[in-house]
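A.B. asks: Pasting the feature list from TrEMBL:
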- 1-10: compositional bias 'Polar residues' (COMPBIAS)
- 14-28: compositional bias 'Low complexity' (COMPBIAS)
- 36-46: compositional bias 'Low complexity' (COMPBIAS)
- 76-476: domain 'Major facilitator superfamily (MFS) profile' (DOMAIN)
- 1-64: region 'Disordered' (REGION)
- 74-98: transmembrane segment (TRANSMEM)
- 110-129: transmembrane segment (TRANSMEM)
- 141-160: transmembrane segment (TRANSMEM)
- 166-196: transmembrane segment (TRANSMEM)
- 203-224: transmembrane segment (TRANSMEM)
- 236-257: transmembrane segment (TRANSMEM)
- 278-295: transmembrane segment (TRANSMEM)
- 315-335: transmembrane segment (TRANSMEM)
- 342-361: transmembrane segment (TRANSMEM)
- 373-392: transmembrane segment (TRANSMEM)
- 413-435: transmembrane segment (TRANSMEM)
- 447-469: transmembrane segment (TRANSMEM)
């Protein structure tokens, strides 16, 4: 879920991841993500466009959802929502007070930044590994063990103030943080795969709905952490949240259905990402994750310097972004599933709108617009909505593209897609704050935000150009097919000249 440098999607990322949607045992084993295939984007009023599949009819889809929603599906949703909420809260709780405590222990600002940044790097590596070997490890085991380890290391983080200052403290911070990143990668990769297996016809809807819980975790984490820290000290916030996550583990073990598969599949990440459409979709995931991550080290400094707001009010400015994304994601997911061809428009125009908003965040000096707080908050709200438009459709679009290019319709393909989604989100989560902090120091927030917006603009225009070329190729093939069909019919109707 967007809003922080390390969040995952929607999950972003999340949601994002991003986060991703899922499937149902009631829909039949082996159905995988077949139901998420989207028809080509046809020109408005194009009479030759292919008719939509029966599952794309909103009324039929609604009837199918209500008639097939089972207890297993409900348990999957509860498990995924609790994991998203707990892990996002345990991540975001660090922000208000950990840097100050780390400074007391002898860590420099650079080292503190590296402690935060290593999370995204190791989540990237772990996501690729778990996506490749999810079938062999087992989706349910990976999900539950990831939650268990995450809860344990959250508690350990709360005990770090008891260790000696200096290198020992710093080393243990890195160790605990890396372990937390690996455990989260395991849980979120398994969660994406299970959801996509359980809800093959409603991937985007479920993905968008679960972003609500990721957003709530990210929004509630900092104020709750700050309150507990001020009231009870450093240890209590981590110990309390770690225990809550650990208490979720036995419940998840009991209610989460088992989606296992004996065939690990023959395809790899490299074959998946070598598909042109998938490569462009991963570029979108990375660029949007970087856009969110860019704001972490830069926006609060800009607000404090430009508008002289009290430090406590800065969090309210961030709230506009988090809430708008959280509220808009379920709607974007629902529309993506009900009207699949809208995904293409969402991906293109969502990125273009995001780019325009980043140009106006400062705003960029060439526009000669005075920087005002209301304009900044408005742009953050619009960024939350446009990011939901861009992030939510990427997961079902990648699944659809993979199936169209010969990937198996099973858990192994869903695991590859889940791992790739999480990994690309992590790349952006690492690059966004790193590049953003550097550009902020060199050229200022206004120009740095504009440069970040160019990244989103490039990904949106590239995706739009791809869809136009794809549409053109399909039109040519359709015309050629019609010509060949007409010639065959004419030959069949002509009398045989050699016949006496």
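Just so it is clear, glycine is given a Cβ too, placed from its N, Cα and C backbone atoms.
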A.B. asks: Establish whether the number of Cβ pairs under 8 Å between the transmembrane segment (166-196) and the transmembrane segment (315-335) reaches at least three, counting only pairs separated by 6 or more residues.
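C.D. replies: When sequence-distant Cβ pairs are counted, the transmembrane segment (315-335) does not touch the transmembrane segment (166-196), since fewer than 3 lie under 8 Å.
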A.B. asks: Does the transmembrane segment (373-392) come close to the transmembrane segment (141-160), meaning at least 3 CB pairs under 8 Å for residues 6 or more apart?
C.D. replies: no
A.B. asks: Quick one: average pLDDT across the domain 'Major facilitator superfamily (MFS) profile' (76-476), no decimals.
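C.D. replies: The average pLDDT of the model in the domain 'Major facilitator superfamily (MFS) profile' (76-476) works out to 84.
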A.B. asks: Mind pulling out the one from 110-129, 315-335, 373-392 with the most Cβ pairs under 8 angstroms to the transmembrane segment (342-361)?
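C.D. replies: Looking at each of 110-129, 315-335, 373-392 in turn, the most contacts to the transmembrane segment (342-361) are made by 373-392.
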A.B. asks: Taking a Cβ cut-off under 8 Å, which residues six or more beyond the ends of the transmembrane segment (373-392) line up next to it in the same chain?
C.D. replies: 2, 9-10, 12-18, 204, 207-208, 211, 284-285, 288, 291-292, 303, 307, 309, 317-318, 320-326, 328-329, 331-333, 336, 346-347, 349-351, 353-354, 357-358, 360-361, 363, 456, 460
A.B. asks: I need to check the long-range neighbours of the transmembrane segment (315-335): which residues 6 or more away from its ends have a CB within less than 8 Å of a CB in the stretch?
C.D. replies: 1-3, 10, 15-16, 21, 204-209, 211-212, 214-216, 218-219, 222-223, 295, 299-300, 303, 309, 342, 346, 373, 376-377, 380-385, 387-389, 391-393
